[in-house]
Amino acid sequence: MTVSTPPLSRAPLGTPAGVPFARGLAVHGERLAVLTSTERLTYADLAERVDACAERLGTARRLVVIAGSNQVDTLVTYLAALAAGHVALLAAPAQADRLIARYDPDVVAGDAGDGWRLDHRHTSPAHDLHPELAVLMSTSGSTGSPKLVRLSARNMQSNAESIAAYLGIRESDRAATTLPMHYCYGLSVVNSHLSRGAGLLLTDLSVVDPCFWDLFREHRGTTFPGVPHTFDLLDRVGFAEMSLPHLRYLTQAGGRLPADRVQHYAALGRRHGWNLFVMYGQTEATARMAYLPPDLAATHPHTIGLPIPGGSFSIEPVPDDDAATGHGADGGKTTANGTAAHDDTTAVGELVYQGPNVMLGYAENSSDLALGRTTHMLHTGDLARRTDAGLYEIVGRRSRFVKIAGLRVDPQQVEALLAERGLTACCAGMDGLLCVAVEAGHDRDAGGRPPRDPETGECTEHGLAMGGRAPGDLGSLRLDIAGSCALPPAAVQVFGVDAIPRLGSGKPDHAAVLDLAVTSTRTSGSTAAPRSPDTPAAGTPGTSVVPSTPSGPAAPVSPAAPASPAAPRSAADPATLRDLYAEILHRPDATEDATFVSLGGDSLSYVEMSIRLEEKLGTLPLNWHTTPIRDLAPRPRPRPFGGRAIETSVVLRAAAIVAIVGTHAGLFTALGGAHALLAVAGFNFARFRLDEPDRRRRLRQQLGAIARIAVPSMVWIAAVTVLTSQYGLTNILLLNGFLGSSTWTGAWHFWFVEVLVYILIGLAVLMAVPWADRLERRFPFSFALAVVAMGLLTRYEVVGLGVPYMLPALWLFALGWAAARARTVGHRLLLTAVTVAAVPGFFDNLARESVMIAGVALLLWTVHVPCPAVVGRIAGVLASASLYIYLVHWQVYPHLTGIHPAVAVAASLLAGLLVWRLAALLEHRLRSGRVWSAARSWTPPRRADRVR
């Protein structure tokens, strides 16, 4: 990375005011700020602790090294330093000694074994600290390098505010700290949420730990961050099948997530009601520089999106050989050695960022702490281009090129090629050598499943062909990589590893991968190039499996070791397990009575330990991390029980249909349910009918949704007409709104179905227009807001088409649509204001209008409603059957109100449920060609959230 460096400036006079969000904690009062497995702190509590810690740090500015895990003491000390104007140097505990020796801090804060300590090393401040300086952090990808990034108070505040703005962080949000605070991404989660008065689920637990998910559910977590490795772990623990009722969004940064993985998680989020934000950043930009709006993830998964609020990008030309990587300007891919597949690469250049979050500069020793701003724009070192959609795409990295045999090789492209074939790999290079570490036995597809043979369908480990060979043989894989890069085989070394070595941030440790080559050379006692894979010598790369450790990989094992892990054993000797704990946790004093927790294990070592233990034990016990080593054995997973949370839209549909039937039957009066249902229909239209990237396929889906409403309605109305002559042909054809009487009669019973069908047909036609399709994809909220505005023209009769009861309801449907597209608090406040302003006077009935306002407000401001499990099941069934209940109740309740309105309501609901079941059975049999099969094999509808 290079930076713009104007003349140096030294510290001017003045006293820093601290970082605003850290100084203003108390303004959030009794809102919950921090939740752990044992503590609950309000903002008032947190502010009190921060003030007390600030007093202990003193009034004179000091350099404070903070070396701690994700715990309350670490957070309090960090916030105290920021609030009081000190300089906080956040360090991983394992790297703290090196930084202390280099920078000689005034105070060292950390866990001393018997509790949290503030060690004052100097009686008076020992450093000249620039007034703007607030935080020091290791550079992205650093393994404890003494080179630090200097960040100002303005950097910290502006980036926190920008992140909070584009994520739409609410006071009700609660973010889990799945990344360490000494990593800029993890710290940005803390800063952005505290800046908005939101809550933190402070934990060191890994996402592979069941206790993490218990904590997340118990405290109603709404979000957590992840690096690419985190998403691999989510696949492993069955995240797609988890019930997380309060989850609102995930964020991803810390490295490029493959496009198919972005699409997979974006689609998963759409199904479960949460969003995926893909982000891009560097420590030198405090944290974030760009984000990909969730609605673009399906169609532009390969991009980093747009600059964050307040920031901007430019692309500077680079030498032609630097630009020839990744994708050309026309979108053409290039080969692994960087040769362009197309000639036009003029649009590719180095991505340069400007914004208030750009660092002050670097520090390499304590004297640099007096420097002012030496950096005004950030040259990221990434090669990028701007797409036709106005989004930015990273196509390569200047600094990772390796020149081998006269060719420039991009290790990132090699990793991408291997990933396309189902292999998890990390590539690094030095002059004349490309070193590739391949994970043994952990290849998965986008859904987390192992690859399968295309002919037999059987699972394969490393069984996907690469260049016509099976890469289960690492020697063959080496030849394939060499061929892909046009390199001599002697210039490529391939190692099998139990797990890719990773830094504390979760990013791949490229230095540790290079150490594999060094270790291999020392083990073989020769500096000669590797032999042919057909006749490997002892220790030859390409045939060994190297187990990784937290500090880097160990020496290669015997060449007889297989290229994939041995089959898991059902049990292991306690002494062997004790040795494993001692190795991974660096605790030679471990005993067989110790546990992972008691030995100081954390979220990062948890991953490595769980992988290694699974190789010995097979399936791990649920609470293995708190189980003594001698007692480790597989245990059954307990079944979930208790209450549940149900989607707001489902609750509204269930409540609305009960309100409609109950009002019509005279049991109670709760008008407005049908109009609230229109808003819910618009909400679900946006969620389920607009996310398909292919326009033609989306149109087919929309027409199918219309048919699922119109066809059952027409069939039912026709049957009733034949039996009772109650309705006419205009009702059967759903044309009463156009051809029927303008006065209210029984023929208007199905106005709701008609208006919904008309709106859906109109919008299907609109979204089939290419320009409308493009506008909606690029400006989803603004487009929906424009439809609201058009609908309001009919609501206020500025535009009238002579169709009573019909088009004036369009704006309610559009409000629901806009609610689904709202991404920020500002969006929701705007829609709330529109609702409150537009609903009054619609019926001149305060109670009815209040129901409508409440329904829209619930859609806007809540995602799930907690309820007992039995209530949730009933609501789900009623919501699923709402269309049929609406159709049927007209023929049921009039005959039973004389007995009692409650009987009429109950009978109407039951009759609607029965018809719903019969319709589902009929549809199932029609699709399978067996109309008259036994009813006992009936399959119910799969979704409770279809638009009814």
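All residue numbers here begin at 1 and follow the chain in the order shown.
Placed from the backbone N, Cα and C atoms, the Cβ positions cover glycine too.
Just so you know, TrEMBL annotations are computer predictions that nobody has curated.
Looking at 78-109, 654-685, the range annotated in TrEMBL as transmembrane segment turns out to be 654-685. Residues of the same chain lying 6 or more positions beyond the ends of the transmembrane segment (849-867) and with a Cβ under 8 Å from any Cβ of it are 245-246, 248, 273, 643-649, 651-652, 656, 659, 670-673, 675-676, 679-680, 683, 812, 815-816, 819-820, 822, 828, 831-832, 835-836, 839-843, 875. Below 8 angstroms of C-beta separation, residues 734, 746-747, 749-750, 753, 756-757, 760-761, 764, 883-884, 887-888, 891, 915, 919, 946-948 of the same chain, each at least six residues beyond the ends of the transmembrane segment (706-728), sit close to that stretch.
When Cβ-Cβ distances below 8 Å are used as the criterion, the transmembrane segment (899-920) is approached by residues 658, 661-662, 665-667, 712, 716, 877-878, 880-881, 883-889, 892-893, 938-941 of the same chain, each at least six residues removed from its ends.
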